[in-house]
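To keep things clear, I will list the structure first and then write my remarks on it.
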């Protein structure tokens, strides 16, 4: 039976089971024994689920029968289902034989229908319009379809994966479905929604917006706060929906597994793709009638990870991963011809789609949001500068054995990954290496641009986009790249915002709001790919630049979706920077390969946080490293292009199309074989694996056979492991004696911001030398360069040879004297006084907090850092201001602090001037006079509104947090503006800009006309976006400045 529901009534107002006592509700919410005992009572749900799946496809019977063969009770249940369906099967046969029903058959069918016509399980709900219980708006057509799909899952007792592309409203569809259970099925909980920590508040606000009657509890906070929530709200059943994070699940598992959850909803469900992870195991322990996974990226790169998700949803169906893998293994077909391979491949894909269809809903924006134009993706291929080529060559030569594939089994992959990381840094900017940037003194000028190929192209592109009126998002994996881009923005005078992994939640929101403001002057938004890839809406930008590519291509797709989502009015253009004839070309190729695999397994599949092995084997890594290395060694000069930016983009579009065509032609077998079988030693059409070592690709570049190179390692553990290794010179059998190895002293990476005392540095150096003496460490000449000629070129301070240098260093070890007890005590004391536990991030956060709150606001600075006590902050601050000149590049840190201090001083001055003016008046709202600039005769705000704004600023103070929100609340509650639509409709940002304009007028009035000229002479602009701006106003949805709003619009406003 099918019923069509429009859900136009909501008479219950969220109060169900009015006759249910608190104790009865508590009993309904909590398990009597445990999850295993409760599942034994869910036979009816399981029967309905299996009956539905067996009716869909014979493919499900394969998995169900496997579980039945291992469980007698399960097997009995399947037989019962088969016996119930036997009558239907006979009816089908009767239809096929084209004979009439007998009276007995018809009576039996009618009887069965009558018995179940009022049965809730036989009724199907179909929403035809947005349900009335959704407040503050309506669902779109495709969202209603999604809601109906979720309802059908519930009615068939199935769990599922809502996998719509990001930006299509998965959160709203989920809330609508839980609303359906509450208002239509009268099931008001308990529900649990497990989400990333960063989206906790967003989920709470979405529930409050769309279904305000739902009692939502958020479980977070410290141990005491959580204990209070669990005791007072959860155990007493005073909630409908519990929202919590993955971390809280791990910490409060014992409390949360006591509940009889109606639904477990997991947002960003890729977190449970590994069935052996702690999080996945714990959630599987929870009892629930149904589960819903929400992800923009449902399918991982191998079928086993897909099975992990399906096993979580339906463990009684998908219980054997080996059989799942075997069912779709289509690689063992070497003896078949191409036609047969293609036929089998098509069959495997078809079966997989058939298997997935009941559990998976996937829509993309291009299909459901016709107004959203498709994004245009272009790979921009860029050469390297002379400096980049030099550094790239150095990195390859540093570990040429690994580059040529001569690596051990244990440390081999780690070595290769380290080389890959270093080469990718070089492709981004050589200044990412310490010592590469010219200085001191360190300057911010053109060398930031011309020493990196990517920066040269970026500089050209940004000038073009600025002229066209576009706004730009720039993503990079590396926060230090953002540091360089920040300096660049400052140098080019581009207004920008920034978010990385260290940005606090409050600062993220502030930066996003500032960038998305209607008349924002921010041109660029700098983001790290992972930190800025989720939970952010930046549709005010239409250009996305991926400065480098993430290993996981889905992270890049998430980044693009920050701008390409519903609400975007322009066509989004995505530009991915790729360094030509270098490792980045191979990284991009692997990403395209991964995405093609997704596309073949599930139509337009997306995933996040993929960890499959594509491109991560040793051979793959060697192939990446070797790609383009020959050209680097043969050419000492860079390959930078001086072409026009349009020509560069045109060439990039052509190469992008070639790359896409290359992978679009590959089938499932091709892509999987390419993944596992493609040799990393295939280069330039030749296979070098069949040749001897001397003919290998790497050994053609340089000839290391002339000398034995010492392996360079930066791992302290590996270093001492090699040093302490016993020489195998005795061949006869001897009784092994235990070797007591001396304990290595702790090694400190001394950094300038840690303020190590000179005496402490000396003691630590002596301690290391004494240890080397104890273990009889010997330097070799290879520790001081590859050759005397090269060594002297690199170190032109003296003319000593490598051997002379070695002798001096060895002499230090030989003459080393162990520290005395008194010196050890001194060392420990100086270590306590130093700040060796302060990382570079701690230092950067300290600079930011000092600039924001002030030099002596130790308590606020400590709170901002989060991991330091107030006393330690005070001690560090005093040390910093006494010794800041010891820090390399201290000028930029001081300028950052001083710039914010000037802004704060300006606000204090404005506060004083405003107070002086207002406090001299008996009735400020009536008597306050404002001297407007001469060109402000057509202002939109009335004098009454301006006076009220200034009065509120004086009342709260300019330094008050959320000042403009509080003034907005004052306006809405004031009787003065009860019918003033204009002022009531202003946003807090617009109110803030108007206040900045008024304070500027007050300052000019109180300090005289020469004040502006003095400030201008000092290099301070009155129109700086940092210190105030002229307020643009909005009438009828159009933006205007006060000078260009015509009289007719002003009259309209006054009439309103």
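Any Cβ shown, glycine's included, is placed from N, Cα and C.
Values in this document were obtained by computation on a predicted structure and should not be read as measured data.
Of the candidate ranges 85-130, 131-176, Swiss-Prot annotates residues 85-130 with the feature region 'Disordered'. In Swiss-Prot, the feature motif 'DEAH box' is placed on 267-270, out of the ranges 267-270, 271-274, 275-278.
In sequence order, 296 are the residues of the same chain, not among 164, 165, 166, 167, 168, 169, 170, 171, whose CB sits within 8 A of the CB centroid for the ATP site.
Listed in sequence order, 162, 164, 294, 296 are the same-chain residues at least 6 apart in sequence whose CB falls under 8 Å from the CB of residue 170 (ATP binding site).
In the shown protein chains, 19 other C-beta atoms lie within 10 A of the C-beta of residue 171 (ATP binding site). For the motif 'DEAH box' (267-270), the model's average pLDDT works out to 80.
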